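Database features, via Swiss-Prot:
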type	residues	note
ACT_SITE	Lys13	active site
BINDING	Pro99, Met100, Gly101, Gly102, Gly103, Leu104, Gly105, Gly106, Gly107, Ser108, Ser109	ATP binding site
ACT_SITE	Asp141	active site
Amino acid sequence: MVRTLNNCPAPAKLNLFLHVTGRRADGYHLLQSVFQLIDRGDVLHFSVRDDGLIHRSTELAGVPADSDLVVRAARLLQTEAKKQGKTPGADIAIEKKLPMGGGLGGGSSDAATTLLALNHLWQTGLTRAELMALGLQLGADVPFFLFGQNAFAEGIGEALMAVKTPESWFLVIEPGVSVPTQQIFSSLELTRDTKPVKISDFSRAQESFGKNDLQVVAANLFPPIADAIKWLQQFGDARMTGSGACVFCPFKEEQQVDAVLATVPQQWKAWKAKAITHHPLAYLAT
């Protein structure tokens, strides 16, 4: 039995567009978006424990272990393992490379990687669909990272269809603020009635398609986001990902990204990333 899985990637995502099309009776917003995986993310390391403990060995500022999605994901899967008569534990270390509150799905991706890795190590044998159902209990973005490939998302973000996206490089700016998602979705300024689109609409247009309905609200509340968008728009179709704060712009060639990256004002952290088609750990689930 394999007892360790090291260097497990938890890739970030970008929302190529994000439309808010309505609101459910329970308060959840109805969304349409294309989720794009990129080759930058956090890295996690897992070791099996025999005492049933779930232990996060990495200290994360502002994130107590008990509320960390990684620990919650492990405990959720552990509950499934116990139904099979197993009481496995795990040591989990996290190399955090993505910012908190960045709109890159970092915490959700970490949770998905945890479910994929521990499902393999603990030999719980859950299918991809079963893992996605567990993931939805943790957050609306988690199922996407378990889905395993770029997706057109609807509902609260959990209804997913595979979609082909352009081969792109991205320049991503971290404006230096952390955006509380709930603050954006609860804003009275938020547009909640964007006309629904079809996956074929995106597939035909792709580049510069749609917008991010959350961007206006976030940019008004957090001026550094507005500043980053304005600066990056000199070079192309810059927009915010998720509920912010990160801002990105697509480029066709790596050399184009490098040229712009060299000119980013020093007050911002910026980096480049390549679009990828599949989650690096997609092979762990069927």
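The backbone N, Cα and C atoms fix where each Cβ goes, and this holds for glycine too.
All features noted in Swiss-Prot, drawn onto the structure.
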residue	record	DSSP class
Lys13	active site	strand
Pro99	ATP binding site	coil
Gly105	ATP binding site	coil
Asp141	active site	coil
Of the recorded positions listed as Gly101, Gly103, Gly105, Asp141, the one whose CA lies nearest the CA of Lys13 (active site): Gly105
Among Pro99, Gly101, Gly103, Gly105, Gly107, which are binding-site residues, the residue with the most C-beta atoms within 10 angstroms of its C-beta: Gly103
Check: same-chain CB within 8 A of ATP site center, minus Pro99, Met100, Gly101, Gly102, Gly103, Leu104, Gly105, Gly106, Gly107, Ser108, Ser109: Ala12, Leu98, Gly242
Cβ neighbours within the same chain of Asp141 (active site) - under 8 Å, at least six residues apart: Lys13, Gly105, Ser108, Ser109, Gly157
